[in-house]
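TrEMBL has this to say about the protein:
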TRANSMEM  B:24-45  transmembrane segment
TRANSMEM  B:52-73  transmembrane segment
TRANSMEM  B:93-116  transmembrane segment
TRANSMEM  B:147-169  transmembrane segment
TRANSMEM  B:184-204  transmembrane segment
TRANSMEM  B:234-257  transmembrane segment
TRANSMEM  B:277-299  transmembrane segment
TRANSMEM  B:306-326  transmembrane segment
TRANSMEM  B:346-369  transmembrane segment
Amino acid sequence: MDLARRLFMAQAARITAGAAFVPLASVAQAGINDQPPRRDGDAAKRYAMLIDLRQCIGCQACTVSCHIENEAPLGKFRTIVSQYEVENEETGDLAQFMLPRLCNHCDNPPCVPVCPVQATFQREDGIVVVDADRCVGCAYCVQACPYDARFINDRTQVADKCTFCAHRLEAGLLPACVESCVGGARIIGDIMDPDSQISRMIEEHRDELKVLQPDKNTVPHVFYLGMDERFIDRPQAAPGLWDVRDSAGAELGYEYGEH
Amino acid sequence: MNMESIEIIAPRYGIAWYPRAVEYFFLVALAYTSLWLALPGAVFGVNRWKPIARLALVGAVTTAIAAPVSLLADLHQPLRFWHFYAHFTPWSWMSIGSLILPVFVVLTIGLAWLVWREPMQDWRGERGIVGWVARVATLGHWDSPRWLIVLTGLGAFAASLGMALYTGYEIAVLKGRPLWHTDFLPVMFVATGLIGSVGMLLVLDRFSGMRAAELATAPQTPVVSPSRAVSRQLLGVLLVACILAGITAALWFAVGLTQADPSVAAALDSVKGNPDWRAMTFRAVATGGVLFLGVLALLMRPGIRGLGWVFGLLALHTAWMFRWAVLMNVQTVQRQTAGFSEYQLGMGSMGLLGIIGAFALWLTVLMLIEIFVPWRAALDGPSTVPVSKPSDGVPSHG
């Protein structure tokens, strides 16, 4: 769809009488911290991502390409692959575990209702975005996200997060992280379309898929295949590289923050 | 299978709310709880509580003016504050708070203005800027109508309840941080706020010369008894606030242990896994214990109540440190990665300088009121307070 047509349709949707009444009705109904109605985006779609951990080698190509595509400031990430070294205490065997992380574009996103100016909202297609021109940088959404998927962008001084590269999706491109994934571990698509690759994979692996922190009732829409349940919540792990200290106990540095 | 994991690569997230947030939650809690202490004397005319009301009005107005500045400074885009009013969002606690806060501040200042303009009438004839301010600020020769004082006071009280509710639930509603997500948190904010405001009034009482003046004019008995209504009442409220905070903390812990409240589980987890958290918990419990025992001792031994201001400072410390632990330390608990991010208080305007600046602002407002408002004479207070003459230099209120 070309840009002019898309803009026209967005305008047409906005001026229909039904749409105009939605906010008023929702004001009357929405309790404090309830989800406000979704807006913008294609209501016929629901974008989601499936991450096949069996294919992930922890190369961080997604981290780098996302960083370049979305111009995140140094030390802040819209997506990153957490890496763990896991040792079997009985056998001493070592294994690596990779956990690519990004915004989960939850169906019940806790970051959306807290926003005091409605700058962060969920589109009809499920993508959670931030209107950077409206955001006041109060960081309430940063606190509300249980996945640490949001941050304040040091350059723009507003909330920043993964958007599933909505700008690329609209141009018919794949998100930067999906495009650059060497193992093809990241699959994005419309789960309302039964023929999409993601729908077929969800159908095939329905019982094996896991999401992060399901007890938070956020209904994440980033699904993990080959996920170890010990990493679903905050992992019981020693934070290895964080303790870079000299003999006096003073912190020597940190590889992300001190470029 | 038992396993040992080391996190090799993980992002380390800094904090998103700075000490400005602690300043705001601290100052605004002092403001609304001070207002409560001012109500009996200032609004309902209870004579016994008028001396406290004089102090509490000063406390409430100064903190209510200083608090929103810190709040504004904690926004990363402070100049966009008007977006709060252009895009009102009734389902967000923060947006609801953005409506309650100005109402509270305006009504609190309005109440103080109605009360203070009566003694200010006597200063209309003064020379210089003090007389000019008295002539302009009083808006003419008329008595503040009783009904207007009561109405403004009740309005401010309603807004203060809104403040207590919104500042508590703004934090407690966040499921993303289990340590915050408990209904006990708003109660604890109120209890520690009350502890802090009584502490502030004890310090104000001492350093404004109110205590010295009252003791100097008190009828001399063979044994000089420093037992005053103000000290007794303030210490009484402080004791009640300490007990309320203690019960709240104990209930939170007990209920959490029996019903597996995630906030208690998260707290235990943090204390178990981090020596800094253990030290912090120990300090908090020790400070609370010393404060409680000290207040109890001061209540039972009127002879040592001259030390009240020391425990006032300790009470202020308690209110500040509770908010520091809740708002700053909790942010260092990682949520999807292992361990804790380290937060070091910076020296700049987002750190120590900002904290000093916030208190300097409060002190400035206090000094302006001291200069332009005869607040000691309000609510049937003594019209002349025997403080030292300007030539004597800094008064000593030993």
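Cβ atoms here come from the backbone N, Cα and C positions, even for glycine.
Predicted automatically and left uncurated, TrEMBL annotations should be read as such.
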If you count every Cβ pair below 8 Å, which range out of B:93-116, B:147-169, B:277-299, B:346-369 shares the most with the transmembrane segment (B:184-204)? B:147-169
Recorded stretch that, among B:24-45, B:147-169, B:234-257, B:346-369, has the most CB pairs under 8 Å to the transmembrane segment (B:277-299): B:234-257
Within-chain partners of the transmembrane segment (B:346-369) [C-beta distance under 8 Å, separation at least 6 from its ends]: 18-20, 22-23, 27, 58, 61-63, 65-66, 69-70, 73, 375
Outside the transmembrane segment (B:93-116), at least 6 residues beyond either end, the same-chain residues with a Cβ under 8 Å of its Cβ set are 28, 31-32, 35, 38, 42-43, 57-58, 60-61, 64-65, 67-68, 71, 84-85, 137, 144, 148-149, 152-153, 155-156, 159-160, 162-163, 166-167, 169-170, 173, 373-375, 378-379
Within the same chain, the residues 6 or more beyond the ends of the transmembrane segment (B:24-45) and with Cβ under 8 Å of it are 51-54, 56-57, 59-60, 63-64, 66-68, 70-71, 74, 101, 104, 108, 111, 115, 149-150, 153-154, 156-157, 160, 163-164, 167, 189-190, 192-194, 196-198, 200-201, 237, 319-320, 323, 327, 358, 362, 379
